[in-house]
Amino acid sequence: MVSPCIYRGWVVLGIATLLFMTQKGIEVSWGTTILCFQQDEDFPQSTLALLGTPLSVFLAFKVSLSNLIYMALFKYGQLSLRQFTALGVSLMVLGLFLTSFADSPQFVAASFGILSGSGTGVLIVCTYIVIALWFPWSHRFHVFSTSVLSAMDPLGWRWAFRLCAAVFGSMGSLLLAVFGNPPIVSSEQQEAMPNEKSFRSPNIQKPPWSVRSKVVIHGIWAIAICCKGFAYFLPMVILPKHLIDLGYKEVDAVKVISVFGTVGAIGQAFASLVGDYVKGYIMVANLVAATMLTVNNIIAAYSTSLTAVYVYCAVSGFFLGPYLAGYYAVNNEIMDGENIYTLFLTMRLSKGVGATVGPYLAGHIRDVTGSYQAVFLSIASCFGMFILATFLLICNKKWRYLKS
């Protein structure tokens, strides 16, 4: 029989997952949304760089600036996680609804970028914290529960935003209704809990982290995730226009994005299901996935056939699964379960920097060079930097283990 606490945790996770999936649909379809903007009478002669700006602003507030909002309100406003959730949902709904009446990229940047971006970011931060409380590191499904959160455009872009606003409003209200009071478990209690798959060993006394080592590790992690933020979002933004440049039809662009999203969901589901069985080796899994993504983007830079684009989407979508499955849980591995929240917020801040630069820079490169070849190569370079930075963190962890 399932205890009431665990049952409430699964309910919260299910509702949050549906909410995040709907929100993610807007991001992954932004390339298609740009094509809709170009055909709209209210967006005459807007450059690709300008049309990519709203997404850059959205990612800046969602992934980076919302963390500052959260920390400021947490420190000075003394808001509870439930109140943060209500604030996030309200800003998301308001921003999406106002965006449906937009008549310029600047309007979209303000309504969708600032309002929805801030609301989405605040909601993501507090939701991850709540889920991690319901499912701590020692829980059998910690990786699954914290990664499944990361796992619809036929009505036209205006009604799509209105539909998303309605979904966010209803699901956010339902999430507030079942929020509950997650159990607060201290780090000492977590270590005392049995967890045979944990990477910690009770017989090994590891030296404490020095201030210098903490700064260096956070810096390396910030560089790795900044590159990841730049490389992760761009394929979904550039693929539709890339296909049009190659001479294919818009319907092909929509199909390609559908394949990317479908295979990505499969890869994410697979990685989430097996994540708890590789707990302690999530960084290694990310290293392998990033290597495959690097090679895939190098090949894509010189490929022009439609078949090659489908292969690119299938490979990228699948290997982004393990790349995302440890989104929260991987922070437990970097410093052996210490400084998890600071590493998590560092991850979000630096990811936002990369994600903010990406869409605008990609559009500018396309406007200047007339193709996305250089963009694919820059994506590959960023994945390569992520590999190097992650490898350094793994080596540092192994060295500390040997010293102990």
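Going from the start of the chain as shown, residues are counted 1 onward.
Including glycine, each Cβ sits where the backbone N, Cα and C put it.
TrEMBL labels come from automatic prediction, so no person has curated them.
Of the given residue ranges 47-72, 151-176, TrEMBL assigns the label transmembrane segment to 47-72. Sequence-distant contacts of the transmembrane segment (215-234) (same chain, six or more residues past either end, CB-CB distance under 8 Å): 27, 55, 59, 63, 209, 290, 293, 297, 320, 323, 334-335, 339, 342-343, 346-347, 349-359, 362, 375, 378-380, 382-383, 385-386, 389-390, 392-393, 396. Each of 6-26, 84-102, 281-303, 342-362 was scored by its Cβ pairs under 8 Å to the transmembrane segment (114-137), and the highest score goes to 84-102. Among the listed stretches 6-26, 47-72, 281-303, 342-362, the one sharing the most Cβ pairs under 8 Å with the transmembrane segment (374-395) is 281-303.
The stretch with the most CB contacts under 8 Å to the transmembrane segment (342-362), chosen from 6-26, 47-72, 281-303, is 47-72.
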